[in-house]
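Peer 1: Input: one structure, supplied below.
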Amino acid sequence: MTYALLKKIDAPADLRKLDRRELRTLADELRAYVLESVSQTGGHLSSNLGTVELTIALHYVFHTPDDRVVWDVGHQSYPHKILTGRRERMNTLRQFGGISGFPRRSESQYDTFGTAHSSTSISAALGMALGARTLGEQRVSIAVIGDGAMTAGMAFEALNNAGVYKDLPLVVVLNDNDMSISPPVGALNKHLARLLSGQFYAATKKGIEKVLSVAPPVLEFAKRFEEHAKGMMVPATLFEEFGFNYIGPIDGHDLDSLVPTLQNIRKRALEGAGPQFLHVVTKKGQGYKLAEADPILYHGPGKFNPAEGIRPAAKPARKTYTQVFGEWLCDMAAADKRLIGITPAMREGSGMVEFEKRFPERYYDVGIAEQHAVTFAGGMACEGLKPIVAIYSTFLQRGYDQLIHDVALQNLPVVFALDRAGLVGADGATHAGAYDIAYLRCIPNMMVMTPSDENECRQLLTTAFHQNCPTAVRYPRGAGQGVATEAVLKDVPVGKGVMRRTGGARSGQRVAFLGFGSMVHPALGAAQALDASVADMRFVKPLDVELVKRLAEEHNYLVTVEEGSVMGGAGSAVLEALAEAGIDIPVLVLGLPDRFIDHGDPALLLSQCGLDAAGIERSVRERFGIGQAPVAVASRVA
C-alpha cells in the first residue's frame, strides 16, 4: 500500500482539512500501517486495529491538542501516535531509544497524560477539565476507556466525582470491545444478563411472542427492538445516575455515525450541557481476520509475517518463570485442596490457564481490581484457605494499602506470586517491577523471597505456601537458567541463603557477592574473573544475617547485587544488618539506579545499568581498585 493519504497527515490539523468522505480511505490506510508496523517491531495489535476509526474521529472533531484526549491504559494509542507526527518513527516502537508503546508527555504535546496502568483516564481528564476552568480556559477533556478498565473501582470513583459538576466540558468514551487481556468479569458485565433473564422479563417476553405470533413481520421487528434495548437500557440508567448524559451504543467503526455524534457532543459540552458519556462498540482486531478470530493471541505479538500470521513457536529450550509458576500452582493445588488461585485479569500473562481448566472451582479472576484482589485474598485466608495472588510486580503497587492494612496487619497467610519482577523490556518503566523489594520488606510480618533459577522458584513457592504469614516470591519475566525442576514439592529453610561459589585470594583482596534472585548468575560470571565468593541469598526478609556476618568476617569487601531499586532494596537490608552487628566493612550496593529505566531489550537495559557480568566486574574493580593501581576507597560503611 502506498499510504498516499496517510502521508499527508503530520498532525491532526492536517486531518481536519480532509473532506469527511476521505476519512474511510484514511482509515483503511491507517489500519494497514498499524499492521505493517507492529508486524515488524512487535507490540500491541488487536486493540489498535479496533480503535482506528475512533481515533480518526476524535482528532477530526476535537481541537487537539487544545482539547485534551487521555487514552486509558494506552496500548491502543498507535493510531493516535501515527496521526500526531510519529508515523516515520513507528519502526522504533518499544525499542531502545525509540518511541514508547504508551502515551508519554515527554514524547508529544498530543500525549496529554502518561498511561499504561488501567482505569486512570477519567480521573486525569476530570482534573484537566477542572484545571482549565480554574485557569479560565475553554476546552474539552476526553477520556477514552475500555470495558475491561471499567471494572476497576478508580474509574467509578472518578465518574462519581465528575457527576457533581453539571456544566463541566468532560467527555468519557467507553470503547466497548471486550478487550481486557482476560475476558471482563463481574457484576457490571452480568447485570444486563440478569435483568433480561429474570422471571418477569421471561414471562412478559413469552406473552408478547404468543400475541405477535399471528403477525410475523411485527414479531421480527420486536426481536430487533429487543436486541437494541439490551444495549441501551441498563448502561443509560447506570451512567445517567452518575450525572452523565449517556449516548449510545454506536458502531465504533462507522465514521458516518462517529463524526456527527462527536460533533454534537463537543458542541453540547462547550455549551455547558455537562459531562457526556459516549458508548462505542468496536471489534478487537478489526480488519485483520486472524486477529479478529483470536484477539488474545494477537494482543501483544512479537514480529510476524502478516500474510502468514503468528506461527507456532518452537518449544523453547528453557521454561519461563511464568510456566514454572503455572506448573507449581497445579501441582500444589492437587496436593492441597485449600489452595485458591486469584488473578486481577491476568490469566494468560500470569500462567493460570491450565489451573483454571483443572481447578475451575478454585480459580477467581476478579477483574482489573488489584485493591479488591488483595483484600479478597485476605478474606479467603480468614476462612482457613491458602490464597495465591498471581500478579505482576508493578500492579501490586495498586493494592499497597490493602497489602498493609488488610493482609499484613492481620498476619494472614496470603502468597503473592510476583511475576515481571525487575526490568521487563519493551513495555518500559510503567511495567518494570523495580520497587517491590523496597516496598515489601518494610512491612511487618511480610516474608520476601528471590529465587535465582527455576527449581529454586518452585522450592520458594512451596516454602511460601507453608508459612502462616504473608509472603511474596518475586521472579523475572522470560526464560529461566535452564535448570531442571524437581517433581517433589520441597521447602527450603526459612531465612537461609546458600553459597554458590567460594573464592580464593589471587589478588589478596577477597570479594564476596551477595546475590538476590536473577542477579546471582551475572554475579557468578563476574566472580570467575575476580575469583570472588558468591552467596545466593534467597531471602530478603528474613535476611540470612549469620551468612552476611560470616562473609564480612572472611572477605575484604562485600557487593550486593539485585534487579531492583537500590533505594531501600536488598542492599539496604544488608547494610542495616551490618550496622546492627557493628561490622565495619566496605560495601558496594549494585541494583537499578534511582531513575526510571526506559524501554528496550532487557539484556541491553541490564548492561546499561551495569548489571551484566561485565558491568558488575567493572564496578567492583573501579570501586575497590582491584586489578589496577590502588586508589582511595570511599567506603560505604554500615
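A Cβ is built for glycine as well, from the same backbone N, Cα and C atoms used for every other residue.
Copying in the features that Swiss-Prot gives for the protein in this structure:
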type: BINDING; residues: His75, Ala116, His117, Ser118, Gly148, Ala149, Asn177, Tyr288, Glu370; note: thiamine diphosphate binding site
type: BINDING; residues: Asp147, Asn177; note: Mg(2+) binding site
Peer 1: For the binding-site residues listed here (Asp147, Glu370), tell me which residue's CB has the most neighbouring CB atoms inside 10 Å.
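Peer 2: The most densely surrounded of these binding-site residues is Glu370.
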Peer 1: For His75, His117, listed as binding-site residues, tell me which one has the smallest number of other Cβ atoms within 10 Å.
Peer 2: His117
Peer 1: If you measure Asp147 (Mg(2+) binding site) to Asn177 (thiamine diphosphate binding site) at Cα, how many Å is it?
Peer 2: 7
Peer 1: Out of Gly148, Asn177, which has the highest number of nearby Cβ atoms, where nearby means within 10 Å of its Cβ, if these are the binding-site residues?
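Peer 2: The residue with the densest Cβ neighbourhood is Gly148.
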Peer 1: Please report the DSSP secondary structure of Glu370 (thiamine diphosphate binding site), reduced to three states.
Peer 2: helix
Peer 1: Report the largest Cα to Cα distance, in Å and rounded to a whole number, among the residues His75, Ala116, His117, Ser118, Gly148, Ala149, Asn177, Tyr288, Glu370 that the record lists as binding thiamine diphosphate.
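Peer 2: Taking every pair among His75, Ala116, His117, Ser118, Gly148, Ala149, Asn177, Tyr288, Glu370, the longest Cα gap is 33 Å.
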